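Engineer: Can you read through this structure? Questions will come right after.
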Amino acid sequence: MKHDYGEALKLSMLFYYAQRSGRISGTFNPVPWRGDSAVNDGDSGHDLSGGWYDAGDHVKFNLPLSQSVHALVYGFERFMDGYDALGKKDEMFDMLKWPLDYFMKCWIPDQQIYYFQVGDGHQDHAYWGPPENMHMWRPALKLDAGHGGSDVAGGTVAALASAAVIWKQKDAGYSTRLLSAAKSLYDFANTHRGVYTQTVPASKDFYGSDNYRDEMCTAAAELYRATKDAKYLNDAKGFYQADVPWSYNWGDKTVMCQLLLFEITKEAKYRQNVEAFVTSWLPGNGVPYTPCGLVFRNEWGANRYAGNGAFIAVAAAVAGIGGDSYLKWAMTQMNYMLGDNNYHMSYEIGFGNNYPRHPHHRGASFGHELKGGLVGGPGQHDDYVDKQDDYVKNEVACDYNAGFHSAAAGLYHFYVNNRLPPSPPSKC
């Protein structure tokens, strides 16, 4: 293991603790410079405090947040022995419970109301300071029977239902609460179909969506895994799309749905879907690469896409697709981000001795180190400058870390089981 994926994983956990919103005093807090913030988030007396701030700002956006939590839970379930080997299993449960509790606050089943955003992006971005000192208006945006949003609601269902599975042995009562919320929110999302940025126009400027089939497919597949109720599997197959998606990210979970359906059914067509996706990301198949070897899907958070691709490749390998060739490719991407690049630096803050010191992050910009945050990454020619005001290459975000985090967990799982292939050579 050329780079310590276990250390990268532990640092990434610290990043998520640094993103916590709400009342953290009296809780386990490994990030001493963070305190209580946005404790009055809510709407008409309904408490919406908690959750994770999206990125270097302080809005809570549930579409990317739910994708992040689902990717983290997915990896935690399948790679739990890696967390165990690091002594971090209980801490990971604690880390994940924070956004899961928040999701359950967002859903009010007896009123058929689901809150999907707290904070106004424009007002929030006009403020540069720590969250503990925020005083701006923080509106709460919601779905209801007349304003559906099957994308953001479905994404949340996937996070809740997958978490219900891993909590069964740890806390059956909490698992039951998660599953109950997931089932009722799924019914709401399925009944009141729509794309949230179309039905609630106030949300359209950030994290726009144009489709809900991928989220609803993933939601139904996870509910099937949690309940074994065939109606959910039938629904998942109905929402399934055979496309080779542009990427796996907050706005497109198509390949995650395909992977879950393969895990459940073992049908060849789903295997072929996953193979087609990973193959499309391998060198020479259309997705550009930087000279030093980072797959370069998009400049805005290039590391996010590389980390997400690595995560899907590792997850596929665990499911019996691709084997060592997928693991080796995932290692090239993770190793680039951890130091196998032209700067010989890690893009994860705190990993090694050479890493970004000036991320675009309000809370950490006052003399604090944002350990574990994965910055956006280089340009297409491996170019990068550590500048705080560069929100394209130097911001951090919950979804930037999520795939990277679970890819690190997966590779560490193979390491502790003595099944990790030798590290591929570095290009730089």
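Each Cβ is built from the backbone N, Cα and C atoms, and glycine gets one as well.
TrEMBL entries are annotated by machine, without manual review.
According to TrEMBL, the record shows the following:
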- Asp386: active site (ACT_SITE)
- Glu395: active site (ACT_SITE)
- 5-407: domain 'Glycoside hydrolase family 9' (DOMAIN)
Engineer: Around the C-beta of Asp386 (active site), how many further C-beta atoms are within 10 angstroms, looking at every protein chain?
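Structural biologist: Step by step: centre on the Cβ of Asp386 (active site), count other Cβ atoms within 10 Å, giving 15.
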Engineer: So what's the mean pLDDT when you look at the domain 'Glycoside hydrolase family 9' (5-407)?
Structural biologist: 98
Engineer: Whole-number answer please: how many Å between the C-alpha atoms of Asp386 (active site) and Glu395 (active site)?
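Structural biologist: Rounded to the nearest whole number, the Cα-Cα distance is 10 Å.
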Engineer: Per DSSP, to which secondary structure element type does Asp386 (active site) belong, with helix, strand and coil as the options?
Structural biologist: coil
Engineer: Give me the count of other Cβ atoms within 10 A of the Cβ belonging to Glu395 (active site).
Structural biologist: 22
